[in-house]
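Below is one structure; the comments refer to it alone.
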Amino acid sequence: MVGFSLLLSVVVAAHVAVATPLKARTPYAVKEAHPIPRTWKPVSRAPGAHMLHMQIGLKQERFDELERHLYEVSHPDHVRYGQHLSQEEVNELIKPSEEGLDLVHEWLITNGVDKFDYSPAKDWVNIYISVEDAERLLDTEYSVFQHDDGSYMVRTPEWSLPTHLFDIVDTIQPTNSFMRAAPQKTDWIQFEEGWTPPGYKPPTNETIAKVCNIASVTLECFNTLYGTLGYKQKAVGRAKIAWNNYLNQTPIRPDIYEFLKLYNKPAAQHAWTFESVEIANGPAAQYTPLTPAQANGDDISEEAVLDAETILGMTWPQPAVSFSTGGSPPFTPDLNTPTDTNEPYLTWVNYVLGKKDLPQVISSSYGDDEQTVPNSYAQRVCRSFAQLGARGISLLCSSGDGGLGGQDDSACFTNDGKNTSTFLPAFPASCPYVTTVGATMAFEPELPAYREPGIGPDGRNHGFYASGSGFSYYFDRPWYQNGVVDKYVASLDGLHEGLYNCEGRGYPDVSAQGLYFAFFWNGTLSTISGTSASCPLMSSIISLVNDARLAKGKSTLGFLNPWIYSQAHKAFTDIVGGNSSSCGTDGFPVTAGWDPSTGFGTPIFPKLVELALK
Ligand SMILES: *[C@@H]1O[C@H](CO)[C@@H](O)[C@H](O)[C@H]1NC(C)=O
Ligand SMILES: *[C@@H]1O[C@H](CO)[C@@H](O)[C@H](O)[C@H]1NC(C)=O
Ligand SMILES: *[C@@H]1O[C@H](CO)[C@@H](O)[C@H](O)[C@H]1NC(C)=O
Ligand SMILES: *[C@@H]1O[C@H](CO)[C@@H](O)[C@H](O)[C@H]1NC(C)=O
């Protein structure tokens, strides 16, 4: 990256005036400004020829109605419970107004953009446009930003629109979203027999002690702890599960095969046969081992391998699908933008919303600080997740690995120029239309996953890890949390007041194991930790509950939270105590009942099935 400083001085100096937009019915004004997160620094003007896949979110006419349907079909006490909507019914509710769509067409065409395509409901218009043209269209100036970790994105902190489009367009990306959808996995640790973390007490229950080894937690341990051991699937082929890969992560079939051979031998062949769906040039699941360049580079695919091993190991013989989303149009790295900078989240959700037949459980282990995402964009992506829920799909997201935002208070500040102390919620964990999964560790009892930075058993340094926890600043508390989360907040009696939004959506909803998963990767047996591990584990258990329901002629569970908060919380082992300290505080107390560290706790599969069949 030697060229960068040179480029910076030349290009920035050469650029003086912002290009003027061409034509519009009404004058331009700033539609939205979002602060640049402190982890991102502008390094140069964006090259004019760099191509953007721009997604324009139009106001959905009847989203309130869609939300009402979502809650009715997801609440077990409602007569419509389980009567999920079809793709057509959802699209009818979220389409934009004809007039709005016409005005957006007119604006694009008069500005020389005559090629576009749409999401299935036409609530998103996609255009492929150079930075130079985007700067004119949005009366703005794009820059190349570099993250503290070295990666790059092309963004602009603010953008404008003709004022007559203000109430028609909700959001346009990529503009000011600095979200990076990073995998929520913490470091990989070389497995070493006999090692235990400091302070660990082994279980006294012999059944658990026999199969649960804290230094390398296996499928057999999960199955024993959560009661899935010996469950015989009855609707094979009908309940399906999927997971998401972004950022060039791709499942490595030979590693997955070796893992399954060790821990679930009958499932091993599935490593070669599970379906790989590539979206926007995402990489296909790989039949060959990691190459040395992959294993020592950035695209190491640990997350994708972890998701695949957990899900195939827990749910075989269920059909499983790996979604790999790349950027589009095809990305050609150059000096100025060596990494793909398009928005993969929306690309993925619009792709799946366009399909009639989808896996009914989807696990997603990628997220970022909520404050890196503009509110308008977060709202729209979250609403897309509501559409999946209305169609009967359970979307589970990991809660993040940094507790309330990090170990000490050095990271826990607002981004708004005021730099005030705050906890940092994560997105999409904070979206009320997903089920957010935290992580636990140890067995008797399970505790919130928590690890001080230090040296692992393999002599490598590992970072701070605490199960992601918090309250959204963007999303109000959903009604299904009433009587639960408000009670918890009241019990705090002012603790941490001002550091979090006491009226926001609290998360996680539930938890599962998330420390030192047995892991086969790069030809080696090792372990890996994170809410990236707990999310596919919890997703797998939900998919097994779907199997039990489908076998009895019932629908799939769909959006889980109204069911969990009203009834199914009884089918979770409550986690009480343990450490959740983060942001330089002791964290939120981990109490009896729901708490924002472990939610309602960890699953008891036989009870979940019993409640689900009631
Ligand atoms: C030990 O754990 C197993 C598996 O969770 C459970 O079925 C059993 O009841 C436990 N035994 C005792 C004595 O608690
Ligand atoms: C992956 O395996 C290769 C071959 O054993 C080894 O040289 C390399 O260091 C490993 N990469 C990592 C990141 O562990
Ligand atoms: C924010 O405030 C903290 C504490 O005063 C300080 O350490 C940090 O450098 C500040 N950060 C910025 C970006 O101003
Ligand atoms: C949690 O961990 C921190 C950091 O090691 C420690 O200072 C604190 O005493 C611990 N709290 C509890 C309740 O274990």
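From the backbone N, Cα and C atoms, a Cβ is placed for every residue, glycine too.
Taken from TrEMBL as is:
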type     : residues                       : note
ACT_SITE : Glu303                         : active site, charge relay system
ACT_SITE : Asp307                         : active site, charge relay system
ACT_SITE : Ser532                         : active site, charge relay system
BINDING  : Asp574, Ile575, Gly593, Asp595 : Ca(2+) binding site
DOMAIN   : 216-614                        : domain 'Peptidase S53'
SIGNAL   : 1-19                           : signal peptide
Chain-mates of Asp574, Ile575, Gly593, Asp595 with C-beta within 8 Å of site centroid, Ca(2+): Val576, Val590, Thr591, Ala592, Trp594, Thr598, Gly599, Phe600, Gly601
Do you know offhand how many angstrom separate Ser532 (active site, charge relay system) and Glu303 (active site, charge relay system) by C-alpha? 7
So if I measure Cβ to Cβ from Ile575 (Ca(2+) binding site) and keep only same-chain residues at least 6 apart in sequence, which ones fall under 8 Å? Thr440, Pro445, Glu446, Leu447, Pro448, Ser511, Val590, Asp595, Ser597, Thr598, Gly601, Thr602
Can you tell me how far the Cα of Gly593 (Ca(2+) binding site) sits from the Cα of Glu303 (active site, charge relay system), in Å? 31
Where Asp307 (active site, charge relay system) and Asp574 (Ca(2+) binding site) are concerned, what is their Cα separation in Å, rounded? 25
Over the domain 'Peptidase S53' (216-614) the mean pLDDT stands at 93
In the structure shown, which of the recorded positions Glu303, Asp307, Asp574, Asp595 has the fewest other Cβ atoms within 10 Å? Asp574
Surrounding CB atoms that lie within 10 Å of the CB of Gly593 (Ca(2+) binding site), all protein chains: 14
Would you identify the secondary structure of Asp595 (Ca(2+) binding site) according to DSSP, in three states? strand
Roughly how many angstrom lie between the C-alpha atoms of Glu303 (active site, charge relay system) and Asp574 (Ca(2+) binding site)? 28
I'd like the number of other C-beta atoms within 10 A of the C-beta of Ser532 (active site, charge relay system), please. 31
